[in-house]
Ligand code: UDP
């Protein structure tokens, strides 16, 4: 295995499967099985989950809602997804802990870095909900922040696309995929990997990002074992 401790970023939309909204239990169960398989190899897994399948602060603001209020709703949406993922993982026989950046003590542990690292060392999957706990941030930023804090080897950004292309592969059939690209080249070419705050935090801390297709079963294991199936961004 190429990596020992990973941070997996899953978007809220990934949980929708083929639905238009909410959570697809089949997709969730598939993710849980893939995550279980890598934990059985002794890989330490932390997960940051998004909330876009339920609510986005920006969307609320466009409809006239106060942005901060909307962001709070978005953060709570990530906790809902975290609970769903926790349930699916526990159903699959994986030990988990959910830690949140905003305190909901009856529902989840508060985020405590040293505790999170201790859970990981004991083989528990740690899910981080509530993003960074601050409005105007995204769960991509939360993913990078937590990955640095827990000293993860890499961020694995699981998406429905199998990597980073020079143009949008869902719109342009001649799009070319990069196997590897530097942070500087992503910025120079104006490619979209994560929002700028998240991306530069990763760059400044020399934390590589691998973008890969999480919706193909077994891909998570392939990426962790070092197979070049997605796009790696590094210095
Ligand atoms: N959010 C926030 N601060 C954070 C992380 C998330 O305010 O640190 C809110 C924000 O409104 C965002 C929503 O939660 O739109 C859902 O997160 P995100 O859009 O990152 O989810 P994803 O796109 O990964 O599903």
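Quick reminder: no glycine exception, Cβ is built from N, Cα and C everywhere.
Residues or ranges marked as ATP binding site by TrEMBL: 9, 10, 11, 12, 52, 56, 159, 165, 168. Under the heading UMP binding site, TrEMBL lists 51, 71, 132, 133, 134, 135, 136, 137, 138, 139. Feature annotation from TrEMBL assigns domain 'Aspartate/glutamate/uridylate kinase' to 4-213.
Here the features listed in TrEMBL are placed on the structure.
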residue: 9; record: ATP binding site; contacts (Cβ under 8 Å, 6+ apart): 47, 48, 49, 50, 139, 140, 143, 155, 156, 157, 158
residue: 11; record: ATP binding site; contacts (Cβ under 8 Å, 6+ apart): 50, 52, 53, 139, 158, 159
residue: 51; record: UMP binding site; contacts (Cβ under 8 Å, 6+ apart): 12, 74, 75, 76, 77, 78, 80, 81, 131, 139
residue: 132; record: UMP binding site; contacts (Cβ under 8 Å, 6+ apart): 101, 141, 142, 145
residue: 134; record: UMP binding site; contacts (Cβ under 8 Å, 6+ apart): none
residue: 136; record: UMP binding site; contacts (Cβ under 8 Å, 6+ apart): 57, 67, 68, 71
residue: 138; record: UMP binding site; contacts (Cβ under 8 Å, 6+ apart): 50, 131, 194, 195, 197, 198
residue: 168; record: ATP binding site; contacts (Cβ under 8 Å, 6+ apart): 175
Averaged over the domain 'Aspartate/glutamate/uridylate kinase' (4-213), what pLDDT does the predicted model reach? 96
Can you name every residue in this chain, apart from 51, 71, 132, 133, 134, 135, 136, 137, 138, 139, with its Cβ inside 8 Å of the center of the Cβ atoms of the recorded UMP site? 57, 74, 75, 131, 141, 142
Are any of the binding-site residues 52, 159, 168 near ligand 1, with a Cβ under 6 Å from it, and if so which? 52
Please report the DSSP secondary structure of residue 11 (ATP binding site), reduced to three states. coil
What is the number of other Cβ atoms found within 10 Å of the Cβ of residue 159 (ATP binding site)? 19
